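Chemist: Annotation comment: TrEMBL describes 10-48, 164-202, 203-241, 242-280, 281-319, 320-357, 399-437, 438-476, 516-554, 555-593, 594-627 as repeat 'HEAT'.
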Amino acid sequence: MSTVEEPLYPIALLIDELKNDDIQLRLNSIRRLSTIARALGEERTRKELIPFLSENNDDDDEVLLAMAEELGVFIPYVGGVEHARVLLAPLETLCTVEETCVRDKAVKSLCRIGSQMKENDLVDWFVPLVKRLAAGEWFTARVSACGLFHIAYPSAPEMLKTELRSIYSQLCQDDMPMVRRSAASNLGKFAATVENAHLKAEIMQIFNNLTQDDQDSVRLLAVEGFAALGKLLEPQDCVAHIIPVIVNFSQDKSWRVRYMVANQLYELCEAVGPQPTRTDLVPAYVRLLRDNEAEVRIAAAGKVTKFSQILSPEVATHHILPCVKELSSDSSQHVRSALASVIMGMAPVLGKDKRIQARGTNINYLLWDRTDRRFFHSVVVVITVVSMFMLDDATIEQLLPIYLSLLKDEFPDVRLNIISKLDQVNQVVGIDLLSQSLLPAIVELAEDRHWRVRLAIIEYIPLLASQLGVGFFDDKLGTLCMQWLQDKVYSIRDAAANNLMRLAEEFGRDWAMEHIIPQVLEMANSPHYLYRMTILRSISILAPVMGSEITCSKLLPVVVNASKDRVANIKFNVAKVLQSLVPIVDKSVVEKTIHPCLVELSEDSDVDVRYFANQGLQSINHATMSS
């Protein structure tokens, strides 16, 4: 092929592959557009490649999706922002296809290109594109147009801005619900670019029309925009224009609309401030908390703590607390779960009261007097919400038995949820009460039948140890930490080994030498090879904490002795541990003890043992050469 003809090859290859029956070849071709564009150069890309893509009639959605994505980053290949307009034509075509994901990607790419275009190019090329799509005969074009107005509007002259607002208003009244849905979904972004004078007059009228749409799918998307609109308006305008709509929406005939209101209400409260919230939105929120659909109650319950923080204690107690009490005995476990998840995050703000310590007996009585899981799961919500606003003795007195009960819940997920927040519970009840009342439940959970619960307890032990102190820990939890090394589940044994290392760091070498090392060394002779492997793992992670002297005198002899084990798995783990000890011990110990042991293991009959032993020998040789 001649030099003149060579540049033609990439475009010819592209055309051939795009016409291939194999979809993968067509996809590969599209994904190589940038490479082909570089080969063609900027001018030929504009004059040949882009027109070809504009005329491409591939009917496979995956190919079209890839094309829409590639064109969004194609500005450098067509000569920069000065020529960005040439990319609009193929993307305009993609905005009209039937597949939603292709249209969405095309709109996203157009927005990306439009945000980089010069102002005059936006007016000359981008705005006409938006108008053509908005006037499209097929609804797909009009759907896509709604997502482009916020790019086209800011650069348009005043007369054109008036026309664009009028077009958007027409799209909000389109015969096709899909178009109205798109207009409602994009209203917030468009409103953010509109001048304040037109915002209250025209945009709010559009919003009101959407909120009265006969399709609930349109109304619920309008709800998504009310928080954004509320932040654009002055608080007094928000109270006048947005809040009445939301109050009506809280009674909408469609549960999906009410669900969206419950989900978005707190964001609007932030926009309007505490006073309008207390006077206007509390009744609406109460209705949502008492809604007859569980999904709505779930959404409302998930916001109860945030919403209550805005209110005064009196309002929260008088209006919100009765609803929470009702939801605490809700028939839907998902509603109760939503409440419980919120409560855990509220614990740090509940405060402490030392006077409650004198009532430990009363608390224990409350704990063991109740056995119903649902009762405790529900009441924890009520008690904690009240506690947030009324930090009195009685509140905390009721809170603690609820946590104790949930720690004993028959469902593992409930127990896990409480365990994961035990550090926050301590901030509420104090360390003395924690040790007196919570610790027995924690000890019981250490032997829980669900291994994930035991794992969660192990991960919490170092934090608990730091709070309780070394003396209390030795008496109550020390034995548990050693028992976990012989658990039936590997994840528990591994976590237990890591737990020992963290405890040694917390309490120091002397404590570890007295309370951990002797018991670990004793377990090295366990008849079960899996437990012996766990001890090797424990030694490897304890050695850096204990230092060279203790490692050489106490830990290394155990490892060397394990190299004589009859189980191959033990021996190749010995090789791995010996390799990890090389940087810790002195060079003389490596030469006299570790190296000979690894040499012996390198001649073992098992291939894995030989492999890891040789790895260790190579590590020693490398360390010797580098030193």
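Heads up, residue numbers simply count up from 1 along the chain you see.
Cβ atoms are placed via backbone N, Cα and C, with glycine included.
All annotation found in TrEMBL is predicted automatically rather than curated by experts.
Describe the structural context of each listed feature in the structure shown, including burial, neighbouring residues and relevant distances.
Modeler: Counting residues 6+ beyond its ends, the repeat 'HEAT' (164-202) has Cβ neighbours under 8 Å at 127, 130-131, 134, 139, 142-147, 149-150, 152-154, 156, 209-210, 213, 215, 217-219, 221-222, 224-225, 228-229, 232-233, 237, 241 in the same chain.
Mean per-residue pLDDT, taken over the repeat 'HEAT' (203-241), amounts to 80.
Long-range contacts of the repeat 'HEAT' (242-280) within the same chain, counting only residues at least 6 positions beyond its ends with a Cβ under 8 Å from a Cβ of the stretch, are 207-208, 211, 216-217, 219-220, 223-224, 226-227, 229-231, 233, 235, 287-288, 291, 293, 295-296, 299-300, 303, 306-307, 310-312, 315.
Residues 482, 485-486, 490, 493-494, 496-498, 500-501, 503-505, 509, 561-562, 565, 567, 569-570, 573-574, 576-577, 580-581, 584-586, 589 of the same chain, all 6+ positions outside the repeat 'HEAT' (516-554), place their C-beta atoms under 8 angstroms from a C-beta of that stretch.
With DSSP classes pooled into helix, strand and coil, the tally for the repeat 'HEAT' (555-593) is 29 helix, 0 strand, 10 coil.
Mapped onto DSSP helix, strand and coil, the repeat 'HEAT' (594-627) counts 28 helix, 0 strand, 6 coil.
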Chemist: For the repeat 'HEAT' (203-241), find every same-chain residue at least 6 residues outside the stretch whose CB is under 8 Å from a CB in it, and list them.
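Modeler: Hits for the repeat 'HEAT' (203-241): 165, 168-169, 172-173, 177, 180-181, 183-185, 187-192, 194, 248-249, 252-254, 256-257, 259-261, 264, 267-268, 271-273, 276, 280.
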Chemist: Quick check on the repeat 'HEAT' (164-202): DSSP residue counts for helix, strand, coil, in that order please.
Modeler: 30 helix, 0 strand, 9 coil
